[in-house]
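Visitor: I have a structure here, written as structure tokens, and I will follow up with some questions on it.
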Amino acid sequence: MPSEVPESLVQALAQILHEHGDKVLDGSRILALLTPCLQVVTRLFEQLFPRGPGTGFQALPAHPADSVPILRAQFMLDMLQKTPSLKLVHPAECPRQFDVNIFPFKSLRSLELRCLPPHCLRGLRSVYSQLEVLTCYRCVSSLEEVIALCGGDLSSALPWLVLHTLDFSYNTLKNLDGSLELLNSLKILDLSHNQITECGSYLKVLSELQYLNLGYNHLTAVPELSVGNTAKLHSLILKHNQLSGTSGLENLPNLQHLDLSYNLLLEHSQLSGLARLHNLKQLFLEGNPLYFQKDYRALTAQHLSHKASDNVLLDGKLLSSSEIMNAQAFGEKVRLQPSSSATESSCTGDLTDSYSAAEKSAPRLPRKKSRVKVRTASISERSDSEYERRGQPIVLQHQREIERTDSFREQYGEDWLQYRPHLEGELDPEYVNRPHSPPPRASPSPTAPSSVPKQKSPVPAPEPSPSPKSGHVAPDDQLMEKAEEGLEEHLWGLQEAKKPNEEEGLIGGALCSPVVVCPVLNGQPRNPDWPWVFLRITLHFLLEMDPERGRILLKRELRSLRGIQTSLAPWKCNGEEQELPLLTLSFDSVCEEKQTVNYIVLDNSPESSVTTLLDLLRPMLERNLREKAESQDELTRMQCLKCKAEFRNEVDGGDIYSPESLQQGKEPTAGLHRNHTGDASCPSCGSLHIILAPLNPTGETSTPLRPLSAEPPQGDDGGGGLAAKSFYLSEDEDSSETDSSPNTAPSEAESTIFYSFDTEGQDQQSAQDTGRSSLTGSYKYTALNQSGALSQDGWQISPGPASTLDFRLVDHRLKLYLDMEVLNGDMEEFRCCMKVPVIRFGKVSEFWAVVAVSNQKIYFLEITGEIRDNPSDWLQPIESQSLTSLARLHVGLQEHSLHLGFGGSGGAYTLLTRNQQHCRVFHKHMLDVLAELPARYLGNIQQSSEEPITPQHRLWPFLQDKVGAPESNAPPRFLYVPLFFLREDIVSPNADSPCANANSQLPLLNTASPAALIQGAAAAAPLSLLVTRTHMYLLEEDHQWLPDTLDTELPDSVQMKEKQPISNISSVHLFQSATLHLRIHLYNETQQNESAWLLWTEDPDRTREIVEWLREPWEAEYHIHFNPVTHNT
């Protein structure tokens, strides 16, 4: 540094202190300085102190009072000496060897260092004893260099007396050290985002610790804590580590917040350490393997303390009462062991020699027979105990009754009453003192490949009672023990009854006979007490089964199989040592102990058994390796978040932080002190916001849906997970399946069946199937995963099958386009939008549009192409109207449309939703937006929530359809549904001439939703169905609506296309897999011809509603039940 201090820098710092000095001194603001700036200031003070800075509060030596620089320096010195909080940032361009002295800060309470190496800091020794908060980011590699050596001061280790918060997150710490012994008052410790693999016993010295954050490290076990800090610790964060168990958490009785998300917790049995956390309020387990299990929340609830389960937030959501009550149905209840000194042993008869392998490895607690409490024999006379009981005051007996009732209610919840009468009846002393024999055990298998001596379980000697007065067991204790035993027997029975049902499906699908093997670990049997098991292979799993009970001991997924090796290993069998086949299987698993499994084959013909296993496992291995190679190739593809373009990353844009880099020993914090200069960008738009492209679904997932205009591929059997089926539907209820693929068809819960009507192949199908009725048609069904239902390139614009009916939610790409290209007003904010067919007054046809509403305007953007890529490519803004010019807002007939009228020459629009729920929700959103306008504009808007039916209404002539009925001004009952219609005529051999098909007279283009198009509405015409008491009408409407002529209908606005009496209906067909489709068969007895109305609605509820409307008049006509035909496909 030059000897002359930069005057401008000093003036700028003095100006900042003048303006914000009061907030800096009271602690509401933190003084943040770059290290070069602080170095300039300290050198200025060193020049003004010829003898060097002192220890206490100081003033500058005598100087001319009229010198402005001196007065400015004195002011800065006074401010810095009183500053309580300081933040030092070391720029990346500055050298690493850069001394920074903090001697001017005499009153420092909080210090934060960013990217400043500790050895460059001077003066920490003079303030360490008064520091309360110390924070170091991206600069520390060991605790000792800061806490024990005080950075560059290299002082001797002295205690930090008042330091209560230490934040060393985002550093390169690999282990802890003994310097933590100097932090006697520490309450908050944050060591997250480091590389710590183990904590050892260094945290035991922190007796005042209340908050501990060790997230984003490499811990494999819960850190050890002392008795002092376990009593005070209330928050423990261990997320993003490698924990495989919760052992050690049981010693934290006051813990309230526990975060174990994104670890390696595989089974719920590993949560046993949570049972003693009676004060737990928040628990996070998201991202663990057990998180993805079925009934995850209920299974987790059974491992929580019953005192805390009612108030626990599991993954941010409160446990419901049903989840807590149903937890008992998924396994035995995890209970705390009694803390008394009495030793638990079995004293009720003969002991069994050993236990089976199933009992040892099954995740359940020992049954009651193995945990009967040792009681000293009572030698008191029965009359004595009765005399003592009779001599007790009535108040004392009543108090004990209340305590016993409270204990029942606390332990068993709402169901405690069902246990009490039964258990109190068993409290007879003769029944209590009667010896109980253990329940019968299943006999072991009569044959075994090797004789293994069974070891008897040691019986601990019962300890003497702690007090001679405790010889008599109180009735309350007997009642509680009987309640526990009864509850355990009940839960065990539920578990035993449920397991065979769950395992039956897996065992039933075995591909080979059981093979007797011995699981080997480190050259020895994995379970010495019962070394051999049955090995079975199914289509998806490798099963280890208990040979005694036939239960599944271990289940491994074969899709994670990565390697197979066979060899010979010496093995001692029946006292003779011989070489037996050794089968080694490698699996892809996050747990190291599950990556490799070894089996010694002990069958009578081991070579033949190994050959059978290899024949089954090798094809699975080849499939797994092939899929892994394909997925690795997909990992090289990148995707742009802005334009969604996919490309291959051929430019080295710098290191990518990934779990693989950690396993290879890469430093994720390398380059913390330098700027990132990677040049990886999107080749299409140049954006730097790129991610790894999502992998293409394989295996059992469905392939994307082909475009509607494309022809189905010839000879394609639907490989790759596509389950395509062709069905022939006759007038019968059941349809015959002509082609199926049961192995590749997804389950009903995983896929949705979409329906489409094949109009092009209709003539060919009729020519080929001359024996079938011409009334039937050809249909194609396609199974498709729900996530890829719409052919919109992943866009979700409400309303849609995969989105909610909250029109305020919008795809982020469309939201960005609206904010940048459409909304241009001052303080204009987006409110809601809907994709809907729009009809503008004066236009002939309807068109698809996105209607976007802000707090100032309504925008109409026409959809001109396929929804994909940049919104500007398929959206064309056509008009915008101010909300203040809105004059009328009316809901259409029976809530199927919404009419907007604007004052002046603004025109009118009809939003033809054809869905009551969509219209109702969007109308509510519109009212919420209009409520934000000033009151003077709201008074000018005419609103109506339903369209009135008067004699001037356009549909009134069709409603008075009963011949001879008197004219009435009261609107009759009717059903009105805008839908899509397709007519199918059937030629009868008795008819004089065939009926003309109406398809040629109807337009082939419509605005049906993608869901309706997939179900066959591509060739249907947009009409309106009107159902009265006697007839059905198909009406063609132009939906033109002019606000100024609300009560005067436009001429020729409604034309009747077809009219049919309800009595002509012969059958009605519904389809479970095509809920928008309805098929009505008609038969005209006068003309002796048959026809069919094929209808598609935009609301699945409307099809059932149409059927119910037709039921009453049809049954009144024929006096028989009206039963629609429902097709399962």
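Each residue's number is its place along the chain shown, starting with 1.
Each Cβ is built from the backbone N, Cα and C atoms, and glycine gets one as well.
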Visitor: Scan 654-678, 729-753 against Swiss-Prot and say which stretch is down as region 'Disordered'.
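Guide: The range carrying the region 'Disordered' annotation in Swiss-Prot is 654-678.
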Visitor: For the repeat 'LRR 5' (208-229), give the DSSP counts of helix residues, strand residues and coil residues.
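Guide: Counting residues per DSSP class in the repeat 'LRR 5' (208-229), I get 3 helix, 3 strand, 16 coil.
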Visitor: By a Cβ-Cβ criterion of under 8 Å, what residues six or more beyond either terminus of the repeat 'LRR 8' (279-300) are in contact with it?
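Guide: Distal contacts: 234, 239, 253-268, 270-271, 308, 311-316, 319, 323, 326-327, 329-331, 590.
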Visitor: Are there residues at least 6 beyond the ends of the repeat 'LRR 7' (254-275) whose Cβ is under 8 Å from a Cβ of it, and what are they?
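Guide: Non-local partners: 215, 222, 230-248, 281-290, 293, 299-300, 302-305, 315, 331, 334-336, 363, 590-591.
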Visitor: Of the residues in the repeat 'LRR 4' (185-206), how many are helix, strand and coil by DSSP?
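Guide: Within the repeat 'LRR 4' (185-206) the tally stands at 4 helix, 3 strand, 15 coil.
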